[in-house]
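A quick write-up on the structure given underneath.
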Amino acid sequence: MRLGSIFLFVALCSFTAYYIYEPIPEEIEERWKLMLINSFFRSLSHLADLSELLGLKDYMGVMYIITVVEKVVPLSDELVKVTEEKFDEVEVLLYQPKQQGADSELRGAVIYLHGGGWCLGSSRMSPYDLLARKIAAELNAVVLSVDYRLAPSHHFPVPYEDAYHVVKHFLQERVLAQYSVDPGRIAVSGDSSGGNLAAAVAQQLQREPGQRIKLKVQALIYPVLQALDLNTPSYQQNQDMPILPRTLMVRFWSEYFTSDKVLFRAMMANTHNNPESSNLLKFVNWSTFLPETYHRKYSYSAPAVVQGVRREATGMDGPSRSLTDPRASPLLVPDIALRSLPKAYIVTCEYDVLRDDGLMYVTRLRAAGVDVTHEHYDTGFHGAMMFTVSPTDFQIARHMTDNYIKWLKENL
Ligand SMILES: *[C@@H]1O[C@H](CO)[C@@H](O)[C@H](O)[C@H]1NC(C)=O
(Lines of atoms letter the chains of each structure in order from A and count residues from 1; the text may use other names and numbers.)
(Lines give C-alpha, C1' and ligand atoms only; values in the text may rest on other atoms or scores of the structure.)
Protein backbone atom coordinates (compact mmCIF):
# COMPACT_ATOMS: atom_id res chain seq x y z
CA MET A 1 0.00 0.00 0.00
CA ARG A 2 2.70 2.43 1.10
CA LEU A 3 5.04 1.30 -1.60
CA GLY A 4 2.20 1.63 -4.03
CA SER A 5 1.54 5.21 -3.12
CA ILE A 6 5.24 6.06 -3.24
CA PHE A 7 5.43 4.54 -6.67
CA LEU A 8 2.40 6.46 -7.76
CA PHE A 9 3.86 9.65 -6.35
CA VAL A 10 7.16 9.18 -8.17
CA ALA A 11 5.39 8.30 -11.39
CA LEU A 12 3.20 11.35 -11.08
CA CYS A 13 6.22 13.57 -10.35
CA SER A 14 8.19 12.39 -13.32
CA PHE A 15 5.15 12.63 -15.53
CA THR A 16 4.50 16.12 -14.27
CA ALA A 17 8.13 17.15 -14.57
CA TYR A 18 8.30 15.86 -18.11
CA TYR A 19 5.13 17.51 -19.26
CA ILE A 20 5.18 20.62 -17.18
CA TYR A 21 8.73 21.64 -17.67
CA GLU A 22 8.44 24.08 -20.46
CA PRO A 23 10.07 27.45 -20.19
CA ILE A 24 7.15 29.81 -19.78
CA PRO A 25 8.19 33.48 -19.75
CA GLU A 26 8.34 35.10 -16.30
CA GLU A 27 6.11 37.95 -17.42
CA ILE A 28 3.11 35.70 -17.80
CA GLU A 29 0.73 35.99 -14.89
CA GLU A 30 -0.59 32.87 -13.17
CA ARG A 31 2.22 30.88 -14.75
CA TRP A 32 1.52 27.75 -12.78
CA LYS A 33 -1.98 27.53 -14.04
CA LEU A 34 -0.75 27.87 -17.59
CA MET A 35 1.86 25.17 -17.00
CA LEU A 36 -0.79 22.77 -15.77
CA ILE A 37 -3.11 23.49 -18.65
CA ASN A 38 -0.18 23.09 -20.99
CA SER A 39 0.69 19.70 -19.55
CA PHE A 40 -2.87 18.59 -20.21
CA PHE A 41 -2.75 19.89 -23.78
CA ARG A 42 0.61 18.30 -24.45
CA SER A 43 -0.46 14.94 -23.05
CA LEU A 44 -3.55 15.02 -25.19
CA SER A 45 -1.52 16.00 -28.23
CA HIS A 46 0.85 13.06 -27.69
CA LEU A 47 -2.08 10.75 -27.21
CA ALA A 48 -3.58 12.09 -30.44
CA ASP A 49 -0.31 11.46 -32.30
CA LEU A 50 -0.17 7.93 -30.93
CA SER A 51 -3.77 7.27 -31.82
CA GLU A 52 -3.20 8.44 -35.37
CA LEU A 53 -0.04 6.37 -35.64
CA LEU A 54 -1.93 3.27 -34.50
CA GLY A 55 -4.70 4.03 -36.95
CA LEU A 56 -7.30 4.35 -34.19
CA LYS A 57 -8.53 7.89 -34.65
CA ASP A 58 -6.99 10.80 -36.48
CA TYR A 59 -5.13 13.52 -34.57
CA MET A 60 -7.83 16.18 -34.76
CA GLY A 61 -10.47 13.63 -33.82
CA VAL A 62 -8.70 13.06 -30.52
CA MET A 63 -7.96 16.76 -29.97
CA TYR A 64 -11.67 17.42 -30.39
CA ILE A 65 -12.05 16.18 -26.80
CA ILE A 66 -11.06 19.71 -25.76
CA THR A 67 -14.23 20.93 -27.41
CA VAL A 68 -16.43 18.18 -26.04
CA VAL A 69 -15.46 18.65 -22.39
CA GLU A 70 -16.41 22.32 -22.51
CA LYS A 71 -19.71 21.90 -24.30
CA VAL A 72 -22.83 23.17 -22.56
CA VAL A 73 -26.49 23.30 -23.47
CA PRO A 74 -27.10 26.99 -24.06
CA LEU A 75 -30.22 27.95 -22.11
CA SER A 76 -32.09 31.21 -21.88
CA ASP A 77 -31.65 33.15 -18.65
CA GLU A 78 -33.26 36.24 -17.16
CA LEU A 79 -31.23 38.58 -19.39
CA VAL A 80 -30.86 36.73 -22.66
CA LYS A 81 -33.04 34.48 -24.78
CA VAL A 82 -31.02 31.76 -26.52
CA THR A 83 -32.31 29.80 -29.50
CA GLU A 84 -30.81 27.39 -31.99
CA GLU A 85 -31.40 28.39 -35.58
CA LYS A 86 -30.29 27.55 -39.08
CA PHE A 87 -29.23 30.45 -41.26
CA ASP A 88 -28.89 29.33 -44.85
CA GLU A 89 -28.37 25.73 -43.68
CA VAL A 90 -25.66 26.68 -41.18
CA GLU A 91 -26.19 26.13 -37.46
CA VAL A 92 -26.12 29.24 -35.31
CA LEU A 93 -26.90 30.10 -31.72
CA LEU A 94 -28.92 33.25 -31.49
CA TYR A 95 -28.69 35.37 -28.33
CA GLN A 96 -31.36 38.04 -27.94
CA PRO A 97 -31.29 40.48 -25.05
CA LYS A 98 -34.47 40.71 -23.00
CA GLN A 99 -34.09 44.34 -21.94
CA GLN A 100 -37.17 46.27 -20.90
CA GLY A 101 -38.73 48.47 -23.51
CA ALA A 102 -36.22 47.29 -26.06
CA ASP A 103 -38.89 45.88 -28.34
CA SER A 104 -39.54 49.02 -30.33
CA GLU A 105 -35.93 50.10 -30.31
CA LEU A 106 -33.49 48.83 -32.91
CA ARG A 107 -30.36 47.18 -31.55
CA GLY A 108 -26.87 46.38 -32.72
CA ALA A 109 -25.72 42.89 -33.65
CA VAL A 110 -22.49 40.94 -33.38
CA ILE A 111 -21.81 37.96 -35.62
CA TYR A 112 -19.29 35.88 -33.70
CA LEU A 113 -16.96 33.21 -35.11
CA HIS A 114 -15.27 30.93 -32.59
CA GLY A 115 -11.64 29.85 -32.68
CA GLY A 116 -10.03 26.40 -32.77
CA GLY A 117 -7.88 26.36 -35.89
CA TRP A 118 -10.86 25.61 -38.20
CA CYS A 119 -10.68 22.05 -36.78
CA LEU A 120 -11.83 22.39 -33.18
CA GLY A 121 -14.21 24.52 -31.16
CA SER A 122 -17.90 25.22 -31.14
CA SER A 123 -20.19 28.08 -30.23
CA ARG A 124 -21.57 25.66 -27.64
CA MET A 125 -18.35 25.72 -25.60
CA SER A 126 -18.90 27.46 -22.30
CA PRO A 127 -16.37 30.30 -22.85
CA TYR A 128 -18.11 31.20 -26.14
CA ASP A 129 -21.53 30.85 -24.60
CA LEU A 130 -20.51 33.13 -21.72
CA LEU A 131 -18.99 35.70 -24.04
CA ALA A 132 -22.07 35.78 -26.27
CA ARG A 133 -24.35 36.30 -23.24
CA LYS A 134 -22.14 39.06 -21.97
CA ILE A 135 -22.10 40.89 -25.29
CA ALA A 136 -25.87 40.51 -25.65
CA ALA A 137 -26.61 41.76 -22.14
CA GLU A 138 -24.05 44.54 -21.88
CA LEU A 139 -24.50 45.94 -25.37
CA ASN A 140 -28.19 45.18 -25.65
CA ALA A 141 -27.20 43.57 -28.95
CA VAL A 142 -28.23 40.45 -30.81
CA VAL A 143 -25.39 37.92 -30.99
CA LEU A 144 -25.16 35.32 -33.69
CA SER A 145 -22.65 32.65 -32.74
CA VAL A 146 -21.87 30.54 -35.79
CA ASP A 147 -21.28 26.79 -35.68
CA TYR A 148 -19.57 26.54 -39.04
CA ARG A 149 -18.51 23.10 -40.23
CA LEU A 150 -14.96 22.07 -39.37
CA ALA A 151 -11.86 20.65 -41.04
CA PRO A 152 -10.56 18.02 -41.65
CA SER A 153 -14.04 16.67 -42.50
CA HIS A 154 -14.70 19.91 -44.31
CA HIS A 155 -11.62 21.51 -45.80
CA PHE A 156 -11.31 25.08 -47.03
CA PRO A 157 -13.42 26.79 -48.27
CA VAL A 158 -16.29 25.11 -46.36
CA PRO A 159 -15.71 26.75 -42.93
CA TYR A 160 -15.22 30.11 -44.64
CA GLU A 161 -18.29 29.64 -46.82
CA ASP A 162 -20.46 28.71 -43.87
CA ALA A 163 -19.42 31.91 -42.13
CA TYR A 164 -19.99 33.91 -45.31
CA HIS A 165 -23.44 32.42 -45.92
CA VAL A 166 -24.57 33.22 -42.39
CA VAL A 167 -23.44 36.82 -42.73
CA LYS A 168 -25.07 37.20 -46.15
CA HIS A 169 -28.29 35.71 -44.86
CA PHE A 170 -28.32 37.94 -41.81
CA LEU A 171 -27.58 41.16 -43.73
CA GLN A 172 -30.99 41.24 -45.38
CA GLU A 173 -33.53 43.86 -44.42
CA ARG A 174 -36.31 41.42 -43.65
CA VAL A 175 -34.07 39.22 -41.48
CA LEU A 176 -32.68 42.18 -39.54
CA ALA A 177 -36.21 43.52 -39.05
CA GLN A 178 -37.30 40.19 -37.62
CA TYR A 179 -34.74 40.60 -34.81
CA SER A 180 -35.07 44.38 -34.46
CA VAL A 181 -31.50 44.94 -35.62
CA ASP A 182 -30.32 48.31 -36.87
CA PRO A 183 -28.74 47.69 -40.33
CA GLY A 184 -26.15 50.37 -39.57
CA ARG A 185 -24.86 48.69 -36.41
CA ILE A 186 -23.56 45.24 -37.27
CA ALA A 187 -20.20 43.82 -36.27
CA VAL A 188 -18.33 40.74 -37.32
CA SER A 189 -15.93 39.33 -34.78
CA GLY A 190 -13.94 36.26 -33.89
CA ASP A 191 -10.85 34.92 -32.18
CA SER A 192 -7.94 33.04 -33.72
CA SER A 193 -9.27 31.11 -36.75
CA GLY A 194 -12.61 32.83 -36.09
CA GLY A 195 -10.75 36.14 -36.47
CA ASN A 196 -9.46 34.80 -39.77
CA LEU A 197 -13.00 34.04 -40.95
CA ALA A 198 -14.26 37.41 -39.71
CA ALA A 199 -11.52 39.31 -41.55
CA ALA A 200 -12.05 37.25 -44.70
CA VAL A 201 -15.83 37.79 -44.71
CA ALA A 202 -15.39 41.53 -44.11
CA GLN A 203 -13.11 41.70 -47.16
CA GLN A 204 -15.43 39.63 -49.31
CA LEU A 205 -18.41 41.90 -48.60
CA GLN A 206 -16.36 44.92 -49.67
CA ARG A 207 -15.64 43.18 -52.97
CA GLU A 208 -19.36 42.93 -53.72
CA PRO A 209 -20.75 46.14 -55.19
CA GLY A 210 -24.30 44.84 -54.74
CA GLN A 211 -23.95 44.49 -50.97
CA ARG A 212 -26.23 47.23 -49.64
CA ILE A 213 -26.11 46.57 -45.92
CA LYS A 214 -22.54 46.82 -44.72
CA LEU A 215 -20.66 45.84 -41.61
CA LYS A 216 -19.94 48.74 -39.29
CA VAL A 217 -16.96 47.22 -37.49
CA GLN A 218 -14.73 44.16 -37.35
CA ALA A 219 -13.21 42.99 -34.08
CA LEU A 220 -10.38 40.52 -34.52
CA ILE A 221 -8.92 38.77 -31.50
CA TYR A 222 -5.43 37.34 -32.11
CA PRO A 223 -6.46 36.47 -35.68
CA VAL A 224 -4.74 34.08 -38.11
CA LEU A 225 -4.12 36.09 -41.25
CA GLN A 226 -1.59 34.45 -43.53
CA ALA A 227 -0.21 31.03 -44.46
CA LEU A 228 2.79 32.06 -46.53
CA ASP A 229 5.41 32.80 -43.90
CA LEU A 230 5.27 30.48 -40.92
CA ASN A 231 8.61 31.72 -39.61
CA THR A 232 7.84 35.30 -38.67
CA PRO A 233 9.62 36.51 -35.50
CA SER A 234 6.54 35.65 -33.44
CA TYR A 235 6.48 32.12 -34.87
CA GLN A 236 10.14 31.79 -33.94
CA GLN A 237 9.91 33.39 -30.52
CA ASN A 238 6.82 31.47 -29.46
CA GLN A 239 7.30 28.16 -31.18
CA ASP A 240 6.97 26.22 -27.92
CA MET A 241 4.48 28.46 -26.15
CA PRO A 242 1.53 26.79 -24.46
CA ILE A 243 -1.88 26.52 -26.06
CA LEU A 244 -0.63 27.12 -29.57
CA PRO A 245 2.89 25.87 -30.28
CA ARG A 246 4.07 26.34 -33.85
CA THR A 247 3.57 22.66 -34.70
CA LEU A 248 -0.10 22.86 -33.81
CA MET A 249 -0.65 26.04 -35.81
CA VAL A 250 1.08 24.48 -38.80
CA ARG A 251 -1.10 21.44 -38.32
CA PHE A 252 -4.23 23.59 -38.31
CA TRP A 253 -3.14 25.40 -41.46
CA SER A 254 -2.33 22.24 -43.36
CA GLU A 255 -5.49 20.43 -42.19
CA TYR A 256 -7.56 23.42 -43.27
CA PHE A 257 -6.40 22.78 -46.84
CA THR A 258 -5.74 19.05 -47.00
CA SER A 259 -5.23 15.92 -44.93
CA ASP A 260 -2.16 15.08 -47.01
CA LYS A 261 0.84 15.19 -44.68
CA VAL A 262 3.11 16.43 -47.46
CA LEU A 263 1.76 19.93 -46.98
CA PHE A 264 2.23 19.71 -43.21
CA ARG A 265 5.88 18.77 -43.63
CA ALA A 266 6.51 21.48 -46.21
CA MET A 267 4.85 24.07 -43.96
CA MET A 268 6.92 22.93 -40.98
CA ALA A 269 10.03 23.63 -43.05
CA ASN A 270 8.48 26.84 -44.43
CA THR A 271 9.15 25.51 -47.93
CA HIS A 272 5.51 25.35 -49.01
CA ASN A 273 5.58 28.42 -51.25
CA ASN A 274 5.43 28.00 -55.01
CA PRO A 275 6.03 30.53 -57.80
CA GLU A 276 2.40 31.73 -57.62
CA SER A 277 2.46 32.46 -53.91
CA SER A 278 5.95 33.98 -54.13
CA ASN A 279 4.47 37.04 -55.86
CA LEU A 280 2.41 37.61 -52.75
CA LEU A 281 5.25 37.35 -50.23
CA LYS A 282 5.57 41.13 -50.32
CA PHE A 283 2.20 41.40 -48.53
CA VAL A 284 3.48 39.42 -45.55
CA ASN A 285 6.99 40.84 -45.45
CA TRP A 286 7.47 41.38 -41.74
CA SER A 287 10.68 43.26 -42.38
CA THR A 288 8.50 45.98 -43.92
CA PHE A 289 5.37 45.76 -41.78
CA LEU A 290 6.52 45.08 -38.23
CA PRO A 291 7.46 48.02 -36.03
CA GLU A 292 11.24 48.15 -35.46
CA THR A 293 10.95 46.95 -31.86
CA TYR A 294 9.73 43.56 -33.04
CA HIS A 295 12.66 42.95 -35.33
CA ARG A 296 15.02 42.55 -32.38
CA LYS A 297 17.19 39.53 -32.91
CA TYR A 298 15.58 38.35 -36.10
CA SER A 299 16.77 39.05 -39.60
CA TYR A 300 14.47 38.72 -42.53
CA SER A 301 14.85 36.01 -45.09
CA ALA A 302 12.02 35.38 -47.50
CA PRO A 303 10.47 31.90 -47.33
CA ALA A 304 11.90 29.47 -49.85
CA VAL A 305 10.03 29.13 -53.12
CA VAL A 306 9.87 25.59 -54.38
CA GLN A 307 9.09 24.99 -58.01
CA GLY A 308 6.06 22.75 -58.19
CA VAL A 309 7.50 20.14 -55.83
CA ARG A 310 4.62 20.03 -53.47
CA ARG A 311 1.98 19.92 -56.16
CA GLU A 312 3.60 16.95 -57.83
CA ALA A 313 4.14 15.23 -54.53
CA THR A 314 0.56 15.65 -53.41
CA GLY A 315 -0.81 15.12 -56.89
CA MET A 316 -3.32 17.89 -56.40
CA ASP A 317 -3.85 21.46 -57.28
CA GLY A 318 -6.30 22.46 -54.58
CA PRO A 319 -4.05 23.24 -51.60
CA SER A 320 -1.54 25.11 -53.71
CA ARG A 321 -4.27 27.38 -55.04
CA SER A 322 -5.80 27.80 -51.59
CA LEU A 323 -2.47 29.12 -50.31
CA THR A 324 -2.87 32.25 -52.41
CA ASP A 325 -6.58 32.69 -51.69
CA PRO A 326 -7.26 35.82 -49.62
CA ARG A 327 -10.35 34.10 -48.20
CA ALA A 328 -7.84 31.91 -46.36
CA SER A 329 -5.11 34.53 -45.93
CA PRO A 330 -6.68 37.99 -45.68
CA LEU A 331 -3.23 39.64 -45.63
CA LEU A 332 -2.70 38.70 -49.27
CA VAL A 333 -4.79 41.48 -50.81
CA PRO A 334 -3.25 44.66 -52.27
CA ASP A 335 -3.64 47.95 -50.37
CA ILE A 336 -6.44 49.12 -52.61
CA ALA A 337 -8.61 46.24 -51.41
CA LEU A 338 -8.09 47.29 -47.80
CA ARG A 339 -9.16 50.91 -48.17
CA SER A 340 -12.88 50.60 -47.72
CA LEU A 341 -12.84 48.00 -44.97
CA PRO A 342 -14.83 48.62 -41.79
CA LYS A 343 -13.27 50.15 -38.71
CA ALA A 344 -11.22 47.53 -36.90
CA TYR A 345 -10.33 46.41 -33.39
CA ILE A 346 -7.31 44.12 -33.39
CA VAL A 347 -5.93 42.27 -30.40
CA THR A 348 -2.41 40.86 -30.36
CA CYS A 349 -0.54 38.99 -27.62
CA GLU A 350 3.20 39.09 -27.12
CA TYR A 351 3.47 35.34 -26.48
CA ASP A 352 1.62 34.12 -29.53
CA VAL A 353 2.89 32.68 -32.81
CA LEU A 354 0.17 34.75 -34.50
CA ARG A 355 1.27 38.06 -32.99
CA ASP A 356 2.95 39.23 -36.20
CA ASP A 357 -0.04 38.32 -38.38
CA GLY A 358 -2.07 40.78 -36.32
CA LEU A 359 0.69 43.40 -36.22
CA MET A 360 1.13 43.29 -39.98
CA TYR A 361 -2.59 43.71 -40.53
CA VAL A 362 -2.63 46.70 -38.18
CA THR A 363 0.19 48.33 -40.17
CA ARG A 364 -1.34 47.56 -43.54
CA LEU A 365 -4.88 48.62 -42.62
CA ARG A 366 -3.65 51.90 -41.13
CA ALA A 367 -1.52 52.58 -44.20
CA ALA A 368 -4.65 52.06 -46.29
CA GLY A 369 -6.50 54.62 -44.17
CA VAL A 370 -8.66 52.27 -42.08
CA ASP A 371 -9.39 53.34 -38.52
CA VAL A 372 -7.76 50.68 -36.32
CA THR A 373 -7.72 50.32 -32.55
CA HIS A 374 -4.83 48.05 -31.71
CA GLU A 375 -4.70 46.44 -28.28
CA HIS A 376 -1.45 44.64 -27.57
CA TYR A 377 -1.08 42.55 -24.41
CA ASP A 378 2.52 42.37 -23.21
CA THR A 379 1.77 39.42 -20.94
CA GLY A 380 -0.79 37.81 -23.21
CA PHE A 381 -0.63 34.36 -24.75
CA HIS A 382 -2.67 32.80 -27.52
CA GLY A 383 -6.20 31.92 -26.54
CA ALA A 384 -5.98 33.92 -23.31
CA MET A 385 -9.34 35.66 -23.69
CA MET A 386 -11.30 32.41 -23.61
CA PHE A 387 -9.91 31.23 -20.27
CA THR A 388 -12.88 32.57 -18.38
CA VAL A 389 -14.24 29.40 -16.81
CA SER A 390 -13.04 28.15 -13.44
CA PRO A 391 -10.69 26.41 -12.66
CA THR A 392 -8.93 27.42 -15.87
CA ASP A 393 -9.75 31.10 -15.54
CA PHE A 394 -7.15 33.84 -15.87
CA GLN A 395 -7.21 37.47 -14.74
CA ILE A 396 -6.02 38.52 -18.16
CA ALA A 397 -9.08 36.94 -19.79
CA ARG A 398 -11.36 39.18 -17.76
CA HIS A 399 -9.25 42.20 -18.55
CA MET A 400 -9.25 41.44 -22.28
CA THR A 401 -12.99 40.78 -22.31
CA ASP A 402 -13.71 44.07 -20.54
CA ASN A 403 -11.61 46.02 -23.05
CA TYR A 404 -13.26 44.25 -25.96
CA ILE A 405 -16.78 44.93 -24.69
CA LYS A 406 -15.86 48.53 -23.96
CA TRP A 407 -14.63 49.05 -27.50
CA LEU A 408 -17.77 47.50 -28.95
CA LYS A 409 -19.93 49.72 -26.73
CA GLU A 410 -18.15 52.81 -28.00
CA ASN A 411 -17.94 51.82 -31.64
CA LEU A 412 -20.90 49.68 -32.56
C1 LIG B 1 11.10 42.44 -47.71
O2 LIG B 1 11.45 43.72 -47.23
C3 LIG B 1 12.85 43.97 -47.24
C4 LIG B 1 13.08 45.32 -46.54
O5 LIG B 1 12.01 46.20 -46.71
C6 LIG B 1 13.35 43.92 -48.66
O7 LIG B 1 14.75 44.12 -48.66
C8 LIG B 1 13.04 42.55 -49.25
O9 LIG B 1 13.40 42.53 -50.61
C10 LIG B 1 11.55 42.26 -49.15
N11 LIG B 1 11.30 40.91 -49.60
C12 LIG B 1 10.15 40.54 -50.17
C13 LIG B 1 10.04 39.11 -50.59
O14 LIG B 1 9.21 41.28 -50.33
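Glycine residues also receive a Cβ, built from the backbone N, Cα and C atoms like all the rest.
Feature annotations, courtesy of TrEMBL:
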- Ser192: active site (ACT_SITE)
- Asp352: active site (ACT_SITE)
- His382: active site (ACT_SITE)
- 110-270: domain 'Alpha/beta hydrolase fold-3' (DOMAIN)
- 319-385: domain 'Alpha/beta hydrolase fold-3' (DOMAIN)
- 1-17: signal peptide (SIGNAL)
If you run the three-state DSSP split on Asp352 (active site), which class comes out?
-> coil
Can you check how the pLDDT averages out over the domain 'Alpha/beta hydrolase fold-3' (319-385)?
-> 96
Measure from the Cβ of His382 (active site) and count the other Cβ atoms within 10 Å, all protein chains considered.
-> 25
